[in-house]
Amino acid sequence: MGDVEKGKKIFVQKCAQCHTVEKGGKHKTGPNLHGLFGRKTGQAPGFTYTDANKNKGITWKEETLMEYLENPKKYIPGTKMIFAGIKKKTEREDLIAYLKKATNE
């Protein structure tokens, strides 16, 4: 799929202000993403989600993240994530490759 190192740079530039990835990492404006893959929307323990996130009911995997990261507010109307999204498919693939590794270590 994507390039992990390029994905890490994208995460630092576009995501790290609001999210952490390491096990036991703290929630910021957005939830800690450790254990993201295979988890349902709105389920990170200790984070307060909107009903829209809790009720979406999808499981995070490569395909759902590809769609979500392109336009979060379109994929989950009512989400409090203010990020506009990543339009370039290759950048989303790189970010997902990084997240797959970093949220599972």
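Every residue gets a Cβ built from N, Cα and C, even glycine.
In Swiss-Prot, the heme c site is described by CYS15, CYS18, HIS19, and among MET66, MET81 the residue recorded at this site is MET81. In this entry, heme c is bound by CYS15, CYS18, HIS19, MET81, whose most widely separated C-alpha atoms sit 11 angstrom apart. Annotation for the binding-site residues CYS15, CYS18, MET81: lowest Cβ count within 10 Å of the residue's own Cβ, CYS18. In the structure shown, the C-beta of HIS19 has more C-beta neighbours within 10 angstroms than that of any other entry among the recorded positions HIS19, LYS56, LYS73, LYS100. Note: GLY2 (N-acetylglycine) has non-local neighbours THR90, ARG92, GLU93, ASP94, LEU95, ILE96, ALA97, TYR98, i.e. same-chain residues 6+ apart with C-beta under 8 A of its own C-beta. Separation of the C-alpha atoms of HIS19 (heme c binding site) and LYS73 (N6-acetyllysine): 17 Å, rounded to the nearest whole number.
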